[in-house]
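Everything on this sheet refers to the single structure shown next.
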Amino acid sequence: MKLPKEGDFITIQSYKHDGSLHRTWRDTMVLKTTENAIIGVNDHTLVTESDGRRWVTREPAIVYFHKKYWFNIIAMIRDNGTSYYCNMASPYYXDEXALKYIDYDLDVKIFTDGEKRXLDVEEYERHKRKMNYSDDLDYILKEHVKILVXWINNGRGPFSEAYVNIWYKRYVELKNR
């Protein structure tokens with residue numbers, strides 16, 4: 001897939017370590033691309049689960065993917081503030097069909113009041129055994145949890161209110177063209 005440009009719509013696919021498709025988002029709008037990162041927005045985006053169930057995202061969400069970090073970030077813009085869902089995942093890669101990454105189960109959720117919660121630790125441990133995650137992979141993921149927490153605590157990138165506001169404003173401008 002050639003690098004998408006601002007205003008393009010792309011498909012995002014998450015996989016599990018064993019190569020099975022986990023979840024697909026249709027029509028994510030690209031807001032910015034750089035050599036290493038893609039910023040987009042999901043707003044009433046169709047999501048298809050691996051079992052065929054479908055649902056639509058409820059609110060606008062700024063999505064951040066990077067080629068060097070082992071996480072991606074979803075900033076969900078709600079009436080009472082921004083909440084975040086962070087997936088520990090492989091750096092993204094793209095082909096002619098979609099932006100793709102491997103989801104490694106561990107998640108961090110940040111609520112609008114700032115509360116942070118690690119999620120799915122048991123699922124990660126179960127899949128680590130079942131899918132034979134290497135010690136190196138386990139180390140990388142745990143180190144990137146530390147990097148992610150430093151970003152959260154320091155309001156870096158997507159965790160800055162200004163960042164969310166800038167990209168949401170750009171989305172509204174593109175949507176209303």
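Backbone N, Cα and C atoms are what each Cβ position is placed from, and that goes for glycine too.
Taken from Swiss-Prot as is:
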{"type": "ACT_SITE", "residues": "Arg23", "note": "active site, proton donor"}
{"type": "BINDING", "residues": "Asn87, Asp103, Asp107", "note": "Mg(2+) 1 binding site"}
{"type": "BINDING", "residues": "Asp105, Asp107, Asp120, Glu123", "note": "Mg(2+) 2 binding site"}
Measuring Cα to Cα, how many angstrom lie between Arg23 (active site, proton donor) and Asp103 (Mg(2+) 1 binding site)?
9
What is the one among the binding-site residues Asp103, Asp105, Asp120, Glu123 whose Cβ has the most other Cβ atoms less than or equal to 10 Å away?
Asp105
Identify, in sequence order, the residues in the chain of Asp107 (Mg(2+) 1 binding site) that are 6 or more apart from it along the sequence and have a CB within less than 8 Å of its CB; answer 'none' if there are none.
Tyr85, Cys86, Asn87, Met88, Unk118, Leu119, Asp120
Return one of helix, strand or coil for Asp107 (Mg(2+) 1 binding site), based on DSSP.
strand
Within 8 Å of the centroid of the Cβ atoms of Asp105, Asp107, Asp120, Glu123, which other residues of that chain place their own Cβ, given that this set defines the recorded Mg(2+) 2 site?
Met88, Tyr104, Leu106, Leu119, Val121, Glu122, Tyr124
For the recorded positions Arg23, Asn87, work out the Cβ neighbour count at 10 Å and name the residue with the minimum.
Arg23
Would you mind reading off the Cα separation of Glu123 (Mg(2+) 2 binding site) from Asp103 (Mg(2+) 1 binding site), to the nearest angstrom?
12
Shell list (Mg(2+) 1; ref centroid = CB of Asn87, Asp103, Asp107; cutoff 8 A):
Ser14, Phe71, Asn72, Tyr85, Cys86, Met88, Ala89, Tyr104, Asp105, Leu106, Asp120
In the three-state scheme derived from DSSP, which category covers Asp120 (Mg(2+) 2 binding site)?
coil
